[in-house]
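I have placed the structure first, in the form of structure tokens, so that the comments after it can refer back to it.
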């Protein structure tokens, strides 16, 4: 039986009519009497976890009459103190979205392409989809080609260790590819190269007196949004908040001062601030040290003898000054940043005078040369002694978890051999150091997978699975992904919505939603506390959906066992026993539950948490009811006492940590570090490669032909790219400053619009070096002249009838500007470039 796309939509519409219009809500209700008035006293609050952004807030859902009707933050959470942000409410519409994929489906049109109807039809008999997938994997094993299996990950839980990690190894492939390099990897290098921490920072907002929100919007995106919303006014009352961004975001609109910097000139501003702090003698003597004679010898343009300075907890302050900072004056920076000299001097002085109760909270900085920019920014946190100080910033707290069972005894020789092959994303090659944790080849180069697939370099891929990912939409120059996935012979997509990537799937498996339908464990941190929180089903499933990381693993293992490869099933059956009863799992749901119990055991088992200093629970039922375990509060200055996890055990202005990684990468590829810099498109040569230094912007498009810099911004309503089919997303779009409800717009400064003869609401053609898009113009003073800003999220031709203009005909609603942004990278980290105005565009009336 074949179902055309429009017939599939008609079926969805029938469910939607029941969900939206029926007075009895009989798709969900336990009785046919209809819904009575709902009072606050009715129902039960069930804890789970929101994963709409990278905060991962513990939340609760009010369950009334078999319907999840309300959401709020978990009152026991010390990360958000019971507060939540606006995007969480969209979970209600996501759960009951009539356009969700409801049953496993298969492709019947062998031709793949963006404009090709896949002609999907549902599996009606048994579980044939699992037979098909298992057959493809067995074929790889038979031909000793297990390395040609690829798993691509989007949003995930701790259980990704099972599906993304261990399952891939059991099959025999090195190719588990994370989405993280199109998310926020560059910012991690700022703290990694200076203080040895590869991760997101935490902030002591309760005691902070001066906050610079730099290229990020803590009130809308990035991390710990509810905590920032609740506490930013306190920072302003005690001192000052400054926002650095080419566009007035939510934080900038709240802050006492907004610095509309030119795109990609972040490093210049940071270095000029360092110059001011150093020449004025405002650096932290307690943390950095001082001249032996007590006299400041740092004078603009003049070098200093290293032996004259006695450093304490830092490495290379004088070398950094001599090589770079001495010439980076505010006067120089004013010319390249667009921020006047007096403002640079004043803000730098204010920041240092508030130390150590100050911090720079910086964002992704996903620019082609972003690693060195974030090193410059984070160096300021060290220069004033704010790192690991009360009122400043820190690495944050971890949270308890127990280990997953090991796979070693179950991984056979075929799998071991296959897993030793190179990864498909080309990490570790000369042009992609991809230095996660400053070690070559330990990062990921997500967006480059498309090019690797097209070139079959290092080899071709024959079987691919993707879950909670939509790289054809979320990756820059997405047309590459269209061509690449069209080449893959067999692709399975595990998602809740029919996305742009799903168009290329041979089998579509409907995914359970993390927050309301699945079992999982989530760990995160905010507000100086770490936490482990639960995800659990809060309503009975309406559709034939499965938890990807657990249930799909089990169902696939069952089929592989039936076909003669029983290792995977034996691993799951023997090792994932219920830690309370010792019972072996007998089906996919039991496995999901037991895996969650195993991972969280240290949270709820009185024996395992006996020595834990944070929250203590009394049994699994207690964890299900409370939903969270909070860590103790972070203790400051432990690294001051014990040392930083860098090569020198100090905060590094001259990064021996980065130097070690770059030298290792150069040696592996039989070149010099200078040749690495050249191959990866950085300007640094010699010692500059090891210090925070200025790199001029790398821009696609000559300024004369493409005069405007494109600013890619994020909506406070985006839920990991899967919320645009919610009507509330569009109804409240103006909560993103400068945007318009029910519209997708390009923000243009009125002064620029006047020169172009463009009026409010005009349709404009936006052209880059790789293509053009048409979108509605929005005239707004909140975007810097010479820049245009577009919010990521809209422009779907898939996802559903709200998200697309015409879902049946695959007509997009709005424009996805990833389609005209070239595929480029910060190659030290492997991160995709999307920030810093690296794409030049020209604007014309359509």
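The backbone N, Cα and C atoms fix where each Cβ goes, glycine too.
Annotation source Swiss-Prot lists signal peptide at 1-29.
According to Swiss-Prot, the feature domain '4Fe-4S Mo/W bis-MGD-type' maps to 43-99, an assignment based on sequence analysis.
Around the Cβ of residue 53 ([4Fe-4S] cluster binding site), a 10 Å sphere holds 21 further Cβ atoms from the protein chains shown. In the three-state DSSP classification, residue 53 ([4Fe-4S] cluster binding site) falls within coil. According to Swiss-Prot, the feature [4Fe-4S] cluster binding site maps to 50, 53, 57, 85, an assignment based on similarity to another entry.
DSSP assigns residue 179 (arsenite binding site) to coil in the three-state reduction, placing it in neither a helix nor a strand. Marked as arsenite binding site by Swiss-Prot: 155, 179, 200.
Swiss-Prot lists 156, 180, 188 with the feature arsenate binding site, giving similarity to another entry as the kind of evidence.
Residues or ranges marked as Mo-bis(molybdopterin guanine dinucleotide) binding site in Swiss-Prot: 183.
Looking at residue 179 (arsenite binding site) and residue 85 ([4Fe-4S] cluster binding site), their Cα atoms lie 24 Å from each other.
Note: the Cα of residue 50 ([4Fe-4S] cluster binding site) and the Cα of residue 156 (arsenate binding site) are spaced 12 Å from each other.
For the binding-site residues given as 155, 179, 188, the lowest number of other CB atoms within 10 Å of the residue's CB is seen at 155. Residue 188 (arsenate binding site) carries a helical DSSP state (H, G or I). Report note: the [4Fe-4S] cluster site is defined by 50, 53, 57, 85, and the residues of the same chain whose CB lies within 8 Å of the CB centroid of those residues, excluding them, are 51, 52, 55, 56, 59, 80, 84, 87, 88, 225, 226. Take the CB of residue 156 (arsenate binding site) and look out to 10 A: across all protein chains shown you find 22 other CB atoms. Within 10 Å of residue 188 (arsenate binding site), counting C-alpha to C-alpha distances, fall the following of the binding-site residues 57, 85, 155, 200: 200.
Counted within 10 Å of its Cβ, the other Cβ atoms near residue 200 (arsenite binding site) come to 19, all protein chains included. According to DSSP, the secondary structure content of the domain '4Fe-4S Mo/W bis-MGD-type' (43-99) in residues is 10 helix, 20 strand, 27 coil. Comparing residue 180 (arsenate binding site) with residue 200 (arsenite binding site), their Cα atoms are 13 Å apart once rounded.
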